[in-house]
Amino acid sequence: CELTNITIAVEREECELCITVNATWCSGYCFTRDPVYKYPPVSEVQQTCTFKEVVYETVKIPGCRDHAESLYSYPVATECHCETCDTDSTDCTVRGLGPSYCSFNQ
């Protein structure tokens with residue numbers, strides 16, 4: 001479980017444009033187990049590689065309409081660890097759109 005360089009697309013609806021930025025995020029493996037002997041039944045807590053600390057960086061998205069907010073802040077991981085996934089701050093599934101998804105045609 002370690003910091004990894006990623007490229008993400010950022011957008012604002014008012015600007016009708018996506019730009020890509022480089023950031024760091026957490027990626028890798030965490031020790032996990034699924035015991036063969038399951039009696040008595042005990043639920044196993046799976047851990048995922050997730051951020052321990054983040055900072056927010058801000059970029060200006062060009063081409064925004066009059067008086068539209070053109071600044072966009074995004075999280076950048078500075079430290080990683082293995083922990084139970086916190087669904088309040090993290091997409092813990094594989095259902096997300098992915099970091100390079102953009103709503104607008106480029």
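Every residue, even glycine, has its Cβ placed from backbone N, Cα and C.
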Second cysteine of the disulfide that Swiss-Prot assigns to Cys102, among Cys18, Cys26, Cys30: Cys18
Cross-link partner of Cys30 (disulfide, per Swiss-Prot) out of Cys80, Cys82, Cys85: Cys82
Selected from Cys80, Cys92: Swiss-Prot disulphide partner of Cys85: Cys92
Recorded disulfide counterpart of Cys15 (Swiss-Prot; options Cys49, Cys64): Cys64
Most Cβ neighbours inside 10 Å, all chains, among the disulfide-bonded residues Cys26, Cys82, Cys92, Cys102: Cys26
Residue from Asn5, Cys49, Cys82 whose C-alpha is spatially nearest that of Cys92 (disulfide bond), among the recorded positions: Cys49
Residues satisfying Cβ distance under 8 Å from Cys15 (disulfide bond), sequence separation of at least 6: Ile61, Pro62, Gly63, Cys64, Arg65, Ala68, Ser70
Asn5 (N-linked glycosylation site), number of other Cβ atoms within 10 Å: 9
